[in-house]
């Protein structure tokens, strides 16, 4: 990976992280707190934008590798890693790999929740010791 690509991803990541915090704060402030609507909002919007970008990247040659890296891995990767999960799952479905897509969806959803809980409880138990 070239230093230009690394710089593109890093600067895009900075922008995406700031956007995530900003929009998450606005949405969370205005919506009820029973469901984390801020996170849901950035995940849904980020996934939609990722779909748009991937279509442009696949069917157009107007974007350089650095612009692609900046927008997809950088901005959207920091805005929401959910957009990557969404487009990878969609591409599996779109290519007819239904079982792989369902496995990917299940493993990501349930595996991430289990790992988050596992990490939480490891620290919780270690702080009690």
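The backbone N, Cα and C atoms fix where each Cβ goes, glycine too.
Since we're looking at a predicted model, the values are computed, not measured.
The transmembrane segment annotation in Swiss-Prot covers 6-26 (among others).
According to Swiss-Prot, the transmembrane segment annotation covers 35-55 (among others).
Sequence-distant contacts of the transmembrane segment (73-93) (same chain, six or more residues past either end, CB-CB distance under 8 Å): 8-17, 19-20, 42-43, 46-47, 49-51, 53-54, 100-101, 104-105, 108. Among the features that Swiss-Prot reports, transmembrane segment is placed at 73-93 (among others).
What Swiss-Prot records for 77, 80 is Na(+) binding site, and it gives sequence analysis as the kind of evidence. Take the CB of residue 77 (Na(+) binding site) and look out to 10 A: across all protein chains shown you find 20 other CB atoms. Classification of residue 77 (Na(+) binding site) by DSSP places it within a helix.
Taken from Swiss-Prot, the feature transmembrane segment applies to 98-118 (among others), supported by sequence analysis.
The list of residues near the transmembrane segment (6-26) in space but at least 6 beyond its ends in sequence, with Cβ under 8 angstroms from a Cβ of it, reads 38-39, 41-42, 45, 66-67, 69-71, 73-80.
For the transmembrane segment (98-118), same-chain residues at least 6 beyond its ends with a Cβ under 8 Å from one of its own Cβ atoms are 85, 88-90, 92.
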